[in-house]
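Asks: As annotated in TrEMBL:
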type	residues	note
SIGNAL	1-21	signal peptide
DISULFID	Cys30-Cys126	disulfide bond
DISULFID	Cys80-Cys132	disulfide bond
Amino acid sequence: MACSALLCCLVFLAGVGASQSQETPSENSCTYFPGSLPNMLRELRMAFDRVKTFFQKKDQLDNMLLNKSLLEDFKGYLGCQALSEMIKFYLEMVMPQAENHGPDIKEHVNSLGEKLTTLRTRLRRCHRFLPCENKSKAVEQVKEAFSKLQEKGVYKAMNE
């Protein structure tokens, strides 16, 4: 659910950016961001697919870490902020724990982290194309739920 929610949000944000950009796009400019987003999403999906099965097998919990309120934030006016906060959460809290599950998985987790870092950097640099000012309550709820799960939280977060 979370991956599709994240992708849905990114596609929506790409549409918003595309409707606002009128300049000639260059690869490093923010006007190119909406056009480059589908490739970024494809690369993220491929990187996620490399680690998903490993963490799915280890996730023994029935509850969902990423919930409907987060999806609503992704779709709403907080979409950019919620996405930026979730990427930060994964980069700072989830990925460092996920890397500690062996050298084979670490390489793929690092690759996924690099792609998320690139996306986050682009979101921050191109903030004028997207509303990114307000905090998301749903993201805070995800962070709290993750913390409560302790060492099992990484399996849940990487699985979703």
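Every residue, even glycine, has its Cβ placed from backbone N, Cα and C.
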Asks: Under a three-state reading of DSSP, tell me whether Cys126 (disulfide bond) is helix, strand or coil.
Replies: coil
Asks: Could you find out if DSSP has Cys80 (disulfide bond) as helix, strand or coil?
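Replies: Cys80 (disulfide bond) sits in a helix per DSSP.
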Asks: What Cα-Cα separation, expressed in whole Å, is found between Cys126 (disulfide bond) and Cys80 (disulfide bond)?
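Replies: Cα of Cys126 (disulfide bond) to Cα of Cys80 (disulfide bond) measures 11 Å after rounding.
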Asks: If you count Cβ atoms within 10 Å of each one, which of the disulfide-bonded residues Cys30, Cys80, Cys126 comes out on top?
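Replies: Selected residue: Cys80.
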